[in-house]
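Database features (Swiss-Prot):
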BINDING   Pro79, Pro80, Ala81, Arg82, Gly83, Leu84, Gly85, Ser86, Ser87, Ser88, Ala89  ATP binding site
Amino acid sequence: MRIRVPATTANLGPGFDSCGLALTLYLTLDIGAEADSWYIEHNIGGGIPHDETNVIIETALNLAPNLTPHHLVMTCDIPPARGLGSSSAAVVAGIELANTLAELKLSKEEKVRIAAEIEGHPDNVAPAVLGNWVVGAKLDGEDFYVRHLFPDCALIAFIPKAELLTSESRGVLPDTLPFKEAVQASSIANVMIAAILRNDMALAGEMMERDLWHEKYRSQLVPHLTQIRDVAKSQGAYAACLSGAGPTVLVFAPRNLANTLQTSLQTLEIDADVLLLDVEGSGAEVFR
């Protein structure tokens, strides 16, 4: 059996800790034969555990402690610590692993709830489970979210080789915002969401670049954001914004500009991969 979970981008600018979008990069987990102990082969390196302390296995065992150990093979196209939901993908893969092997028959809603409890909020895990675009909130321990189709557009991901830990990126954020600034930040997010629902990417893109919640603080850790935004906008893109906590920058553009933008971004003197992606519509899947 095979489990496949997509990458996700969170925030989309002003939709801080609320908006998430599934992308066509994947964590793939092949479930092999039963074994005496858990072992997971993977292509990540960097000290990621191979035993039951691995997040995937740990998550599965928290849900189903009596699972029979298996040999697992993980292939992950989602680079860690780049703002593309790698940890959320691992958590969701663990939930799917337990659900499959223990026949838990979890609903998608239950999967989102469990994953959001582990991750703290639903912005990455909800689109990883459900696919497409999700707007969510966690209030008094309860998850509220809406899944909707994202407008058709090209997505160009500028993924630096250097990592940026979420904890470091969150560390530069202020504890509070002045009331008037928070009201303005909220109104910007509201207009962005309304524009997306109306398939108006031009207006949505303008709002994406006017975030007041987090990007101006995180830009000190991601100095290439302004440079990429200038290049993208000069060539007709809708917007460029941080993917999650960064350092990845995601460019939204008309499809006919995708290749030109990719080429232009590849010429920047920053060590990075520049990938053409799409919105992933299905979310986590199990292939039997």
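Just so it is clear, glycine is given a Cβ too, placed from its N, Cα and C backbone atoms.
Overlay of Swiss-Prot feature records on the structure.
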| residue | record | Cβ contacts under 8 Å, 6 or more apart |
| --- | --- | --- |
| Pro79 | ATP binding site | Ser86, Ile159 |
| Ala81 | ATP binding site | Glu163, Leu164, Leu165, Thr166 |
| Gly83 | ATP binding site | Thr9, Ala10, Leu164, Thr166, Ser169, Leu242, Ser243, Gly244, Ala245, Gly246, Pro247, Thr248 |
| Gly85 | ATP binding site | Ala7, Thr8, Thr9, Ala10, Gly20, Ile78, Asn124, Ala128, Gly244 |
| Ser87 | ATP binding site | Val55, Pro80, Glu119, Asn124, Thr166 |
| Ala89 | ATP binding site | Val5, Pro6, Ala7, Thr8, Tyr26, Leu27, Cys76, Ile78, Ala128 |
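In sequence order, Ala7, Ile78, Gly244 are the residues of the same chain, not among Pro79, Pro80, Ala81, Arg82, Gly83, Leu84, Gly85, Ser86, Ser87, Ser88, Ala89, whose CB sits within 8 A of the CB centroid for the ATP site.
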